[in-house]
């Protein structure tokens with residue numbers, strides 16, 4: 001009697017703790033089935049397809065809604081909780097990890113595409129072009145990246161990014177200019193028949209989208225400042241800590257809707273795709289990209305984690321399953337960030353002082369999957385054009401793909417723009433980016449999964465490397481009440497019956513009956 005009852009309790013506990021994950025998996029399967037059936041047996045108009053995907057659109061809007069408060073509150077509280085020297089060390093370790101894994105991903109992608117040669121058996125004319133090629137200047141894109149790191153208006157940075165465009169100056173424009181015009185004039189030589197120079201003026205514009213890079217830079221500095229202000233800054237620390245907790249409560253509500261939204265996202269995308277024949281034409285190219293992403297996520301990242309942390313990396317990855325599924329469905333590292341926080345902190349028990357500092361930065365600059373994809377795509381397009389790349393050009397692709405992926409968050413319409421930058425760096429025709437746009441929506445989902453997994457492993461690795469500094473801060477927090485994550489020991493109800501440390505809601509939680517000063521960590 002005892003054993004069946006215990007098995008029943010274990011099953012109920014498993015379902016209770018993993019109902020969201022299981023329902024998401026079921027939603028993915030149902031979404032694929034419904035999408036295929038609707039595509040085969042109904043003839044929906046473009047308007048009908050738009051309405052069909054509406055529940056999925058609502059999920060995306062809700063997730064994007066919490067990105068801004070989550071990034072701002074988590075970055076500020078995370079940095080304020082750390083000593084400036086400690087935060088510098090943690091930041092350096094995180095950036096080194098991001099840089100090394102991105103370089104490894106690029107090298108892996110180039111090795112695979114050079115070995116498999118997916119573009120050798122095909123010609124440019126055999127593949128249909130989709131979309132248009134954006135006009136991109138590498139210099140302007142890099143300068144825009146730096147400009148966006150230092151926004152001139154903090155409120156505007158919450159919904160717009162700075163972007164420069166070039167406009168050709170004609171003779172009539174030149175005579176009509178007045179003294180109040182603020183645009184900068186640049187002169188460049190172009191290959192025209194008269195072999196004359198053309199004049200361009202650089203015009204600054206703003207495009208829609210959160211300036212994540214600028215907000216992170218500001219929050220980093222702001223968090224360091226209020227962390228050093230002592231008791232004067234404590235009220236701000238408490239405010240942003242409460243904002244972070246409130247945002248995560250909202251995330252819990254959103255995740256209850258997630259299975260339904262994901263079902264319609266998947267089904268809607270399957271119905272929307274016009275030409276499935278393109279997948280056959282670009283099949284070998286897709287296999288090359290997916291093979292690289294699989295090797296990087298299943299072999300390289302877990303190996304790095306195991307070498308540093310000395311724990312089972314696949315158990316850690318299992319704790320991130322919900323975040324990885326979300327990334328696969330919605331194809332956005334930033335929109336997945338709320339789920340990534342929950343998985344890292346509640347499933348894998350990573351220190352909040354690490355996750356709140358490392359994850360927002362990782363979601364912005366750590367793009368292993370994107371770097372690998374861009375390197376493979378550049379060499380693939382070179383093979384389509386029968387262009388033999390030299391060692392110098394391959395190195396150029398590697399460096400450019402790494403830099404472009406790191407700076408992608410600070411560049412408006414980053415996907416196409418960064419790809420054009422990589423192609424232009426080695427003299428490949430920028431318009432050939434339209435050859436791979438048709439399958440980009442699918443590959444983008446898988447490379448987002450790799451990006452999120454890399455961020456997650458990064459928190460575990462940085463936490464291990466920073467263990468000594470965190471323990472020293474735990475000791476000093478007994479006399480330093482400024483730390484918003486002052487240590488409280490909590491016994492976690494798990495099978496190991498070990499006493500683990502939980503960083504809960506601030507250093508003033510003395511009376512646990514006080515709902516304002518004490519908040520329990522919620523579970524899935």
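Cβ atoms here come from the backbone N, Cα and C positions, even for glycine.
Annotation source Swiss-Prot lists Na(+) 1 binding site at 98, 101, 102, 362, 366, 368, 451, 455, citing similarity to another entry. Under DSSP, residue 362 (Na(+) 1 binding site) is assigned to a helix (H, G or I) in the three-state scheme.
The annotation L-aspartate binding site is assigned in Swiss-Prot to 331, 333, 370, 411, 447, 448, 451. Shown in sequence order, 289, 293, 367, 369, 370, 372, 373 are the residues of the chain, 6+ apart in sequence, with a C-beta less than 8 angstroms from the C-beta of residue 447 (L-aspartate binding site). Under the three-state DSSP scheme, residue 447 (L-aspartate binding site) falls in the helix class.
The Cβ of residue 406 (Na(+) 2 binding site) has 98, 99, 102, 365, 367 as same-chain neighbours under 8 Å, each 6 or more residues away in sequence. Residues or ranges marked as Na(+) 2 binding site in Swiss-Prot (evidence: similarity to another entry): 364, 405, 406, 408.
In the structure as shown, the Cβ atom of residue 43 (N-linked glycosylation site) sits within 10 Å of 7 other Cβ atoms. Annotation source Swiss-Prot lists N-linked glycosylation site at 43 (among others), citing sequence analysis.
Feature annotation from Swiss-Prot assigns N-linked glycosylation site to 178 (among others); the stated evidence is sequence analysis.
Under the heading N-linked glycosylation site, Swiss-Prot lists 195 (among others).
Annotation comment: Swiss-Prot describes 314-344 (among others) as intramembrane segment, evidence class similarity to another entry. Here the intramembrane segment (314-344) has long-range neighbours at 20-21, 24-25, 28, 59-60, 63-64, 66-67, 70-71, 74, 210, 212, 247-248, 251-252, 254-255, 258, 262, 265-266, 302, 305, 350, 355-356, 359-360, 363-364, 367, 409, 441, 444-446, 448-449, 451-453, 455-457, 459-460, 524, meaning same-chain residues at least 6 beyond its ends whose C-beta is under 8 angstroms from one of its own.
The feature intramembrane segment is assigned by Swiss-Prot to 394-427 (among others).
Annotation source Swiss-Prot lists phosphoserine at 517 (among others), citing similarity to another entry.
Look at Swiss-Prot and you will find 522 (among others) tagged as phosphoserine.
Marked as topological domain 'Cytoplasmic' by Swiss-Prot: 1-18 (among others).
Look at Swiss-Prot and you will find 39-61 (among others) tagged as topological domain 'Extracellular'. The average per-residue pLDDT of the prediction over the topological domain 'Extracellular' (39-61) is 88, rounded to a whole number.
Panel annotation: around the topological domain 'Cytoplasmic' (83-93), residues 224, 227-228, 354, 357-358, 361, 461-462, 465-466, 469-470, 473 of the same chain, lying at least six beyond its termini, place a Cβ under 8 Å from a Cβ of the stretch. Residues or ranges marked as topological domain 'Cytoplasmic' by Swiss-Prot on the basis of a curator's inference: 83-93 (among others).
The feature topological domain 'Extracellular' is assigned by Swiss-Prot to 115-205 (among others), with a curator's inference given as support.
What Swiss-Prot records for 230-238 (among others) is topological domain 'Cytoplasmic', and it gives a curator's inference as the kind of evidence.
Taken from Swiss-Prot, the feature topological domain 'Extracellular' applies to 267-286 (among others). Below 8 angstroms of C-beta separation, residues 31-32, 34-36, 38-39, 44, 49, 52-53, 56, 116, 118-119, 121-122, 126-128, 130, 376-377, 380, 436, 438-439, 441-443 of the same chain, each at least six residues beyond the ends of the topological domain 'Extracellular' (267-286), sit close to that stretch.
Recorded residues residue 368 (Na(+) 1 binding site) and residue 331 (L-aspartate binding site) have their alpha carbons 14 Å apart, per Cα-Cα distance. Residue 333 (L-aspartate binding site) has 362, 364, 451 nearby among the recorded positions 43, 362, 364, 405, 451, counting only those with a Cα within 10 angstroms of its own Cα. Remote same-chain residues near the transmembrane segment (354-380) are listed as 70-71, 74-75, 77-79, 81-82, 87, 90-91, 94-95, 98, 101-102, 104-106, 108-110, 112-114, 118-119, 212-213, 216, 219, 244, 285, 288-289, 292-293, 296, 301, 333-334, 336-337, 340-341, 344-345, 389, 394, 397-398, 401-402, 404-409, 418-419, 422-423, 426, 428, 433, 436, 443, 446-452, 454-455, 458-459, 462-463, 466, 470 (criterion: CB distance under 8 Å, separation of at least six residues from the stretch ends). Within the chain carrying the transmembrane segment (206-229), a Cβ under 8 angstroms from the stretch's Cβ atoms is held by residues 67-68, 71-72, 75-84, 87, 145, 148-151, 154, 156-163, 236-237, 334, 360-361, 363-364, 409-410, 412-413, 482, all 6 or more beyond its ends. Within 10 Å of residue 366 (Na(+) 1 binding site), counting C-alpha to C-alpha distances, fall the following of the recorded positions 43, 331, 405: 405.
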